[in-house]
Amino acid sequence: MPFPVPDPFVWDTSFQVFYFELDEKHRGIFQALFALGNDNNPSNLKLLYRVTANHFAEEEGFMQTANYGGYRSHKVLHEDFLAKLRSFKAPVPDKDVYFAKDWLVQHIKTIDFKYKNLL
């Protein structure tokens, strides 16, 4: 069963992976998506892509350093999501903003939670 998308769309402790740097980056993606949802313009779309790509690179670095077994499949999910974000054009349709919010929630709570205590 999918996890609910919070409304308002803000990070809370239910999303903690317990690695400070990664939690802060997740919080930043939430903030960027919230901004895009409230002011749907090219600048906020670029911000969302930038903070997401930066976070994915950092998270993947943690995984590689720890020889995390799920690294390759996790990286593919990141690449697919970044490709989807690159396909967006501002103003982004509401359904696509919701898709990104839902993807982030499900990804953190099902995929990222698998690396807790392993990095």
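Heads up, the Cβ atoms here are built off N, Cα and C, so glycines get one too.
The model shown is predicted, which means the values in this text are computed figures rather than measured ones.
For His26, His55, Glu59, Asp112, the entry in Swiss-Prot reads Fe cation 1 binding site. The Fe cation 2 binding site feature in Swiss-Prot is assigned to Glu59, His74, His78, His107, Asp112; the stated evidence is similarity to another entry.
Features recorded in Swiss-Prot, as mapped to the structure shown.
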| residue | record | DSSP (3 states) |
| --- | --- | --- |
| His26 | Fe cation 1 binding site | helix |
| His55 | Fe cation 1 binding site | helix |
| His74 | Fe cation 2 binding site | helix |
| His107 | Fe cation 2 binding site | helix |
| Asp112 | Fe cation 1 binding site | helix |
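When the alpha carbons of Asp112 (Fe cation 1 binding site) and His74 (Fe cation 2 binding site) are compared, the span between them is 8 angstrom. Considering only the binding-site residues His26, His55, Glu59, the residue whose Cα is spatially closest to the Cα of His74 (Fe cation 2 binding site) is Glu59. When the binding-site residues His26, His55, Glu59 are compared by Cα distance to His107 (Fe cation 2 binding site), the shortest distance belongs to His26. Neighbour counts of Cβ atoms within 10 Å were compared across the binding-site residues Glu59, Asp112; the minimum falls on Asp112.
Counting only the Cα atoms, the space from His78 (Fe cation 2 binding site) to His55 (Fe cation 1 binding site) is about 10 angstrom.
For the recorded Fe cation 1 site, residues His26, His55, Glu59, Asp112 set the reference point as the centre of their Cβ atoms, and the other residues of that chain within 8 Å of it by Cβ are Val17, Leu22, Lys25, Ile29, Phe56, Glu58, Ile108. In the shown protein chains, 18 other C-beta atoms lie within 10 A of the C-beta of His78 (Fe cation 2 binding site).
Taking the mean position of the Cβ atoms of Glu59, His74, His78, His107, Asp112 as the Fe cation 2 site, the remaining same-chain residues with a Cβ inside 8 Å of that point are Phe56, Glu60, Leu77, Ile108, Ile111. His74 (Fe cation 2 binding site) has a Cβ environment of 20 other Cβ atoms inside 10 Å.
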